[in-house]
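Student: Straight out of TrEMBL:
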REPEAT    20-62  repeat 'WD'
REPEAT    64-105  repeat 'WD'
REPEAT    106-147  repeat 'WD'
REPEAT    168-202  repeat 'WD'
REPEAT    212-232  repeat 'WD'
DOMAIN    231-275  domain 'SOCS box'
Amino acid sequence: MASFPPRVNEKEIGKLLLNLVDHTEVVRDLTFAPDGSLILVSASRDKTLRVWDLKDDGNMMKVLRGHQNWVYSCAFSPDSSMLCSVGASKAVFLWNMDKYTMIRKLEGHHHDVVACDFSPDGALLATASYDTRVYIWDPHNGDILMEFGHLFPPPTPIFAGGANDRWVRSVSFSHDGLHVASLADDKMVRFWRIDEDYPVQVAPLSNGLCCAFSTDGSVLAAGTHDGSVYFWATPRQVPSLQHLCRMSVRRVMPTQEVQELPIPSKLLEFLSYRI
């Protein structure tokens, strides 16, 4: 069986290696498993996610079904054990990627959910929605830990499902695990801290569509509907000892295991992400 990616010389660079054909509608997003396994997940308007093994000539391993409408985006947890998928009709799903089964559906948004991203330690999940909100979740128990509102006062559920000029288009976690960036239709990019419910910095941006932090977290790139890419220097703050300790523990322990540690309650509170 041929290995993937194959060894190629310079003359072959740019050559098409695989063409994965199975979706029946537009493919909206792609994400690779971070563990280097070359497992790829595709999200589509055909209401499915498909899992591909590129080491096995692009063999489709599994179809994940559960969405009742378009799937907009998907993201792996840092340890590749969990996948989040978001879509139309308020959908936020979490999947076990060892068993390819649904773990839970997260309830809270009031409109289509269009973007998602895990924190670097896997303890938090950010989702962005047309309901003008970014939610920070604990994906291990489904709790909403923080709400970042882009319209004040926030719209009631009946109005959050309609059109407005505050639809949130994209969300991204910084690699410091402390900051989150969001783009909305109000022509602004916002930088948030996970422990504060107001932006620590804002900047103008028209027609924002997607954003991503650089690996060291020092730069945010944002793409727009008109074909431009903009860059910003991001807020730089020294993480607290609490944040560093939380990230170190949560890289190896989910919420339930942290809560069961035989340690004093004050220390347990210190190590926990709280509402």
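Yeah, the Cβs are placed from backbone N, Cα and C, and that goes for glycine too.
Just so it is clear, the model here is predicted, and its values are computed rather than measured.
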Student: Taking the repeat 'WD' (168-202) as reference, which of 20-62, 106-147, 212-232 has the most Cβ pairs under 8 angstroms?
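Tutor: By the under-8 Å Cβ criterion, the repeat 'WD' (168-202) pairs most with 106-147.
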Student: With DSSP as the reference, give the number of residues of the repeat 'WD' (64-105) in helix, strand and coil.
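Tutor: The composition, in the requested order, is 0 helix, 25 strand, 17 coil.
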Student: In the repeat 'WD' (168-202), how many residues does DSSP call helix, how many strand, and how many coil?
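Tutor: Residue counts in helix, strand and coil order: 0 helix, 20 strand, 15 coil.
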Student: If you average the pLDDT over the domain 'SOCS box' (231-275), what number do you get?
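Tutor: Summarising the domain 'SOCS box' (231-275) by its mean pLDDT gives 91.
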